[in-house]
Amino acid sequence: MPWTILLFAAGSLAIPAPSIRLVPPYPSSQEDPIHIACMAPGNFPGANFTLYRGGQVVQLLQAPTDQRGVTFNLSGGSSKAPGGPFHCQYGVLGELNQSQLSDLSEPVNVSFPVPTWILVLSLSLAGALFLLAGLVAVALVVRKVKLRNLQKKRDRESCWAQINFDSTDMSFDNSLFTVSAKTMPEEDPATLDDHSGTTATPSNSRTRKRPTSTSSSPETPEFSTFRACQ
């Protein structure tokens, strides 16, 4: 066979690695079968193929003498067919019936779509968490606003109490500055003399003077009873 002569001439040279790919029908769950095709180069028909998963042998197949590849069919639900990276390798018999193995192929990953109910549940939980976070944020904002309004109300009440107290003090101070100008009533000199038991004389009448006030209408001082409340 041509490949036997090639191997004999190559000696210890490595055999080219095969190609690997996932073929349809593709699995939609872990219960569905997995189909993986492994193909050797054109000069190596009828080779023996080995499928690996994580360094462990999963399945062995031999290609027909006129074909250069095989398709591995891994039944669903089997412990040997979980999802994960797969590699394949092929081997041929060289001169003196010595087995020659190729390099490992590139990895192929098999993943399963997430079930719909899990997706719906995840979205529901995420929405509930976002809603809860939003409610907590709104509650904190409302509480902060209420505390601020309550503080403003307390400040206003304290300010008005201080103003009323200051107004009372100022009213008391105003009474000290109020001038009471009352004019004493005039009395007849004769009446005064009668009370004193003496006869009024012109000189006495002239010496008596009517009391007068220094101001007929004193003005009330102007001031403000309101003070700025910080």
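Even glycines carry a Cβ here, placed using N, Cα and C.
As given in Swiss-Prot:
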type	residues	note
SIGNAL	1-19	signal peptide
CARBOHYD	Asn48	N-linked glycosylation site
CARBOHYD	Asn97	N-linked glycosylation site
TRANSMEM	118-138	transmembrane segment
COMPBIAS	212-230	compositional bias 'Low complexity'
I'd like to know which of the glycosylation sites Asn48, Asn97 has the most other Cβ atoms within 10 Å of its Cβ. Asn48
Between Asn48 (N-linked glycosylation site) and Asn97 (N-linked glycosylation site), what C-alpha distance do you get in Å? 14
